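Shown next, in structure tokens, is the structure this report addresses.
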């Protein structure tokens, strides 16, 4: 089993700080819009916050119930109440800090077999606790942070306002997206023993690959809202239907209950709107090529539509800036994607799965205790 290090503990503490700051910024921005009389934007931001909180709390509590063999019925009652008041993530952070502190600072090497087993148990508990948090943060990122980013960019382009809180919200959103996808990949490498550790070069390459491709896509989609909000909504719904259909075709078995499994597939469909998501642990060269080729065609199509449909807008300075950033981030993102998959992707694990279809099936259920929920929750 991989080790939970002091560096991991520092990142865990940093994640708690970012999570709390993110909540504060959301309510701050919503209050600013409300005070300025822009009630629709304020309500929309709070709706994104509320929806993501409800879904993440639901998954968090479900996982506590699934882990009932280590959590007695008495604890589950107050855990339910805490989740009911939308504070379940703090319980998970408390467990992560508890086990993480023991694993990073209090564990000592010993030749005694019983002490070694106990040490490995604490290490696994710490890694699993952080893993669950990072999985929930991925849900939150694409259910709340990314949609809020759309709102902030649209308001900035449509109304031309440059208030500090808008820039703060955009900055915090990008920080939230980047940290969640990187922390997710770190936990993935630690939770699955067949994968190599996620070190510096691969970490930065993966970060820029995800951040730049998502940035390009968010900017290009935001431009559609200036053309027509109706077209924007229709495109997002169409992309979600495509992603949800593909998820159904994969026959995922991530959750133990059918209701939670369909909720999981719905969320995966939303995530697929913004970034590629591998839910079966198989080779994805063809799928990921089609996915980003489609994004590239749509992005270039949007820019060409502006050239022929609304040439007046092209003269605006914001369009020039957004257009340049869109193309630049798309090109750089694809370059980092190619570099990551050529040099840093854990191909040994993927190759081993070519000869076994047990990642997300019956055997996956049997091995879930050993490898954790990440065995059925994979994103390259």
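Count begins at 1; order follows the chain as displayed.
Even glycines carry a Cβ here, placed using N, Cα and C.
Keep in mind that what you see is a predicted model, and the values were worked out from it rather than measured.
The transmembrane segment annotation in TrEMBL covers 9-31 (among others).
With a cut-off of 8 Å between Cβ atoms, the residues of this chain six or more beyond the transmembrane segment (76-95) that come close are 12, 16, 19, 53-54, 56-58, 60-61, 64-65, 68, 125, 129, 132-133, 136. Here TrEMBL flags 76-95 (among others) as transmembrane segment.
Residues annotated as transmembrane segment in TrEMBL: 165-186 (among others). Long-range Cβ contacts of the transmembrane segment (165-186) within its own chain (Cβ-Cβ under 8 Å, at least 6 residues beyond either end) map to 8, 11, 15, 18, 21-22, 25-26, 28-29, 32, 134-135, 137-138, 140-141, 145-146, 148-149, 152-153, 155-156, 198, 203, 206-207, 210-211, 214-215, 275, 379.
According to TrEMBL, the feature transmembrane segment maps to 207-240 (among others).
Per TrEMBL, transmembrane segment is recorded for 262-279 (among others). Outside the transmembrane segment (262-279), and at least 6 residues removed from its termini, the chain residues within Cβ reach (under 8 Å) are 55, 58-59, 138-139, 142-143, 146, 181, 210, 213-214, 217-218, 236, 239-244, 246-248, 250, 252, 254-255, 287-288, 291-292, 360, 376-380.
Here TrEMBL flags 291-309 (among others) as transmembrane segment.
Annotation source TrEMBL lists transmembrane segment at 321-341 (among others). Residues 157, 202, 205-206, 208-209, 211-216, 219-220, 222-223, 285, 288, 292, 295-296, 299, 303, 306, 380 of the same chain lie 6 or more positions beyond the ends of the transmembrane segment (321-341) yet place their CB under 8 Å from a CB of it.
The list of residues near the transmembrane segment (207-240) in space but at least 6 beyond its ends in sequence, with Cβ under 8 angstroms from a Cβ of it, reads 146, 149-150, 153-154, 157-158, 174, 177-178, 181-182, 269-270, 272-275, 292, 295, 298-299, 302-303, 305-306, 309-310, 313, 319, 322, 325-327, 329-330, 332-334, 336-337, 339-340. Here the transmembrane segment (291-309) has Cβ contacts under 8 Å with residues 213, 216-217, 220-221, 223-224, 227, 272, 276, 319, 323, 326-327, 330, 334, 337 of the same chain, all six or more residues outside its ends.
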